[in-house]
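Positions annotated as transmembrane segment by TrEMBL: A:16-38, A:58-81, A:93-118, A:138-160, A:181-204, A:224-246, A:258-276, A:291-315, A:380-400, A:412-432, A:466-486, A:523-541 (among others). Annotation source TrEMBL lists domain 'Cytochrome oxidase subunit I profile' at A:18-496.
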Amino acid sequence: MTFLHQYPKAAKVAKANFIVAFIALAIGGLFGFIQALHRTDVFRGFFNSGEYYTLLTGHGVLLALIFTTFFIAGLFVWGVTRSLDREPENMTFTWSWFWLMTIGLIMTAVTILGGLVPDSSIRAAVLYTFYPPLQAHPAFYIGLALVIVASWMAGADWFWSYNKWRKNHPDERIPILTFMALFTMMMWYVCTIGVAVEVVGLLIPWSLGWVTEIEPLLPRTLFWYFGHAVVYFWLLPAYYVWYAILPKLSGGRLFSDAMTRIVFVIFLLLSTPVGYHHQYADPGISVGFKFYAMATTMLLLLPSLMTLFTVVASMEHGARQRGGKGYLKWIGKLPWDSPAFVGCALAGIMFAAGGFSGMINASMNINLLIHNTIWVPGHFHLTVGTAVALTFMAISYWLIPQLTGRKLKFKTLALIQPYAWFLGMTLMSNAMHRAGLAGVPRRTAEPQYSGFEFEPIFGTMAEMDWQIAIGGTILTISLILFLWVITASWMGGEKSDRPVDDYIPEPLSGAEHTPKILDNMKLWFALAIILVLLAYSFPLWEMISDGIFEPGALPRPS
Amino acid sequence: MIVFFIATVVYGFVAMDLKVIGNYETIDPQNLSDTPFGTPGVKEVTKNGATEYEVYVQTLQFAFLPGTSSPITVPADTRITFYITSPDVLHGFDVAGTNLNTMAIPGQISKFTTIFPEAREYGIVCNEYCGPAHHIMEGKIEVVPKSEFDKSNLVE
Amino acid sequence: MTENHSNSDSDSRNSSKRLVKILVIVGIGIPVLVELMTLFNLINVQIFDDEEVQEQPEPVAEVRQVTEGDTLFRDYRFPVTIELLRINVSAQEWRFELGLSVPDSVDREPLEIELDSMQLNSGKILAAGRNRSWNIQEGHTPPRIQAEWELPNGDIPGTLYISSFQQMQNDTASRVQQEVPLGNIPVRYNRE
C-alpha cells in the first residue's frame, strides 16, 4: 500500500499539480539555456536581443512563480493528506483551486509568449518583477492575480483539513508534516497581501486604462514586501523535505522535532519585514528602515544555521545506523548511490554556499558593489535554482512512485542527474559571481559595451562567458535527464504495491519534548503581522500620503 | 556572528564613509523642464567656501543625459554630488566596478556624493531592465586632473 | 539501491560502486577544484598583485565605427554625409532611420546612390527592397535621402552596404561600394 492506494483522490490532485510544474520547468529551463548562450555571445541565432527579454520574463515567471507554486501545492497535498490521514474535505473545492491556478498560469504564459509573435499587441516583456511604468497586457496581471488567489484557496483547503482533524484529535500535537505546511502557508498569506494589493489595487486598473498615471516606487515597494518572503515560500518546502524526508533517506530519523518547529516559527515572523534589502539602492526609503530590514535579514541566518545543524545531525545519525564511524568517515556511509538522497544533500551543500553570497547581498553598503549585477542571479541560482529546484527534482524520484504506484525507471540516469546539476551550477554560478564583482549587469541581452570594458579582478571576460555557457549546457542536460526519467517512470514504470520505501520514522527527540506554545498559530501569526506593520507602515504612508498615484509617470509598453 | 556582520556594516558607515542613499524627495517626472534636471549637466557650487560640483542626470530610454552622447566630465579630488532621476521608466546608474550604484525611479531623486581620487574613465551601465534596447544603454564618466578641468562646459 | 537482483548481483553492485565513484569525483571534485582556484586567485590578487600595473590590452586595430555626422565616399567627387542615424521605438515598432545628404554642387553631374543591404547585429541580412536608391539628374536639386527599416524588436544594424555611381576624376563613371560599420546608434523612445 502506498499513497496512491490509500488516498486515491489526493494522489490525483498532487499528480495534476506536478504535471503542470514539470511542464513549466521544461519550458522555463529551455529559455534559460537559450539565455545562457545568448548573453555570453556564444550563440545568438535563436532570437534577437529584443526578444531576449521575453524569454527572460518567461524563464523567471515559469520557474520562480509557476514551477515552484505548483510543485509546492502538490507536495503539501501529499504531506497534509498523509500526516492527517484524511483525503481533502471537498474535492470540488480542491479541484477548483487547481483549475483556477492553471487558468491564471495560462493567461500569464500566453501574454508572455505573445512577445515572440511579430507585431503582436499581446506582450508582457516586463520580467518577473513587472516594475511599472513598463506595462504588460492586462491579462498578464489578471492571470497572476488568479494564481495568487487560487494559492490562498489551496492554503484554506489544508487549514480546513486540519480543523476537521483537530475536532477528532483535540489533545494531539499538530503532525510535523502538517505543521510545516501550515506555517509556510501562514507566511504566504502575510506576504502575498503586498503583491495582491499591488496587482489588484494598482496594476490591473492601470493596465486597463482606468487610471493613466502610476507612482513607480509604491508598486516596487509592495512587490518587495512580497518579493523576499516569496523566496522563503520556495525554500521552506525544501526545508520540509530536508527535515521530514532527508533523514529517512540517509537511513536514520529526524534529530529534533522541537528544532524543526522553532525554525518554521522564526521564518513566519521574519520573512516579510526584510523586503527593503532589495531596495538598498532606492531613493525614497530612509536609511533607518533599510537598517531595520538588514537586521531582520541577518537574524534569518539563525534558523538557516539551525537547519544546517539539525539536518547534518540527522544525516550523521542515519550514517551511523548504516555502520558509519569516525568524525568524518561516516560521510562515506551515506547512500551516495540513491538519486533522491544525493539530490537533497548536494542541494543542501549548495545552499550553504548561497548563504555566503546572501550575507554579502544583505550587508547594506557592501551590497552596492553588486546590486543588480550578475552576482545576484549567481546567488539565487544557488538558492532557488539549486537548493530549492534540485531538492524538488530529487524528492520527485521518491514521491512520484508513491503517487503513480510505479517504480522508478533508469535509475542510473537518475543518479547522474543531481551530480550533473551540481557540476553545472558550480561552473555557471562561480563565473556569474566573479563577473558581478567586475560590474557586469544582470538582466541584459548583451553585456558588452562600446565605450568601456569591464575589468575582472582576475581571469578574463571571455573565460567567464564560456564558463557560464558550459555550466548552463550541463544544467540543461541534467534537466533533460530528469524530465526523461520522470516521464518514462510515470508512463511505463513497473507497477507495484510498494514502489518505494515510504515509511517515515518518528524523530529522535519527539513532539512530547516540544514546548506547546510553538503550536499556537494565532499567537505567531499576530506577531508576524506586528513586525510587518513596524517595518512597512511608515514608509508606505509616506509614499501614499501625497496621493496613491502621485508623483505619477505615464505607462510605457514593454 | 550575526552581531559581527551588522557591526561590519556599521563600521563601514561610520569609519569608511560608505553611505547608502535614502533621502525622500519627490519630483514630477512629467515636468522636469522647470527643475534643475531641465538643464542636465555639471554645475559649480560653493559649499563652506569650497568649490564643489553637482551633476544632474536624466536617465531615459535608452540613454544617460548627459553621459551617453557626451561623457560626464568632472575633476578629480573634488566633492561631486550626483542627482539622478528618470522621466520614463526605472533605470539603473551603475559606475562599473565601483560601489556608485543607484536606482533611478520616476518621481524620486537619487542623490549621492563622491570624490574620484584619480583621473581616469569610468563606464556607466544601466543595470535595471528598461525596455527592448536596455542592453545598449551606457555612458561614460571622464575624471580629469583638477588642474586640467575645463569649466567652459558647465551649465548654469 | 543496486540496479537489479539477478545472479550477477555482486557484479552489478561493483559497477554501480564504480559509477558512484566517478560521479563523486567529477560531480563534486571539479566544483571543489573550481572554487579552490577562485579562492586562490582572489587571495593571490589581494596579497601579491597590489602593486602590479594593470596590463593594458594591446590596442586592436579597430575598425572605426561610423556615426552621425560622418562622411562616406570621402575620396570621391561627391561625398555623402550621414545626417540622421537613429532607432525609433514606439508601442509596436522598432524602426531604424537613416538620412543622408549630398553636397549642393551635385546638380552639375548625375549621381546615383543605392542602399544595397544591411546586416544586423543578430546576423540577419536585410536585402535592399524598394525605394532604396536615388537617382539625381543634372540640374535637379538633390532630394531628401531618407530610408527606414522596420527591424525585429531589439535588433540593431551592424553594417550597411551602400553604393554610389559617381563620375571619377578621369571623367569615367563607375560604381563604388562601401561597407559602413555602424556604431553607437541612438535608440529613442517615440513619445507619440
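Including glycine, each Cβ sits where the backbone N, Cα and C put it.
TrEMBL does not curate its annotations; it predicts them automatically.
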Proximity of the transmembrane segment (A:138-160) to the transmembrane segment (A:58-81), 3+ C-beta pairs under 8 angstroms: yes
Highest-contact recorded stretch vs the transmembrane segment (A:58-81), from A:16-38, A:93-118, A:181-204, A:224-246, A:258-276, CB pairs under 8 Å: A:16-38
Predicted model, mean pLDDT over the domain 'Cytochrome oxidase subunit I profile' (A:18-496): 91
Beyond the flanks of the transmembrane segment (A:291-315) by 6 or more, those residues with Cβ under 8 Å of it: 239, 242-243, 246-247, 250, 252-256, 259-260, 262-263, 266-267, 270-271, 273-277, 334, 345, 348, 351-352, 355, 359, 362-364, 508, 531, 534-535
Highest-contact recorded stretch vs the transmembrane segment (A:16-38), from A:93-118, A:181-204, A:224-246, A:258-276, A:466-486, CB pairs under 8 Å: A:466-486
Within-chain partners of the transmembrane segment (A:258-276) [C-beta distance under 8 Å, separation at least 6 from its ends]: 176, 179-180, 183-184, 186-187, 190-191, 194, 221, 224-229, 232, 236, 239, 243, 285, 289-290, 292-293, 296-297, 299-300, 302-303, 306-307, 310, 507, 509, 511, 513-515, 518-519, 524-525, 527-528, 531-532, 534-536, 539
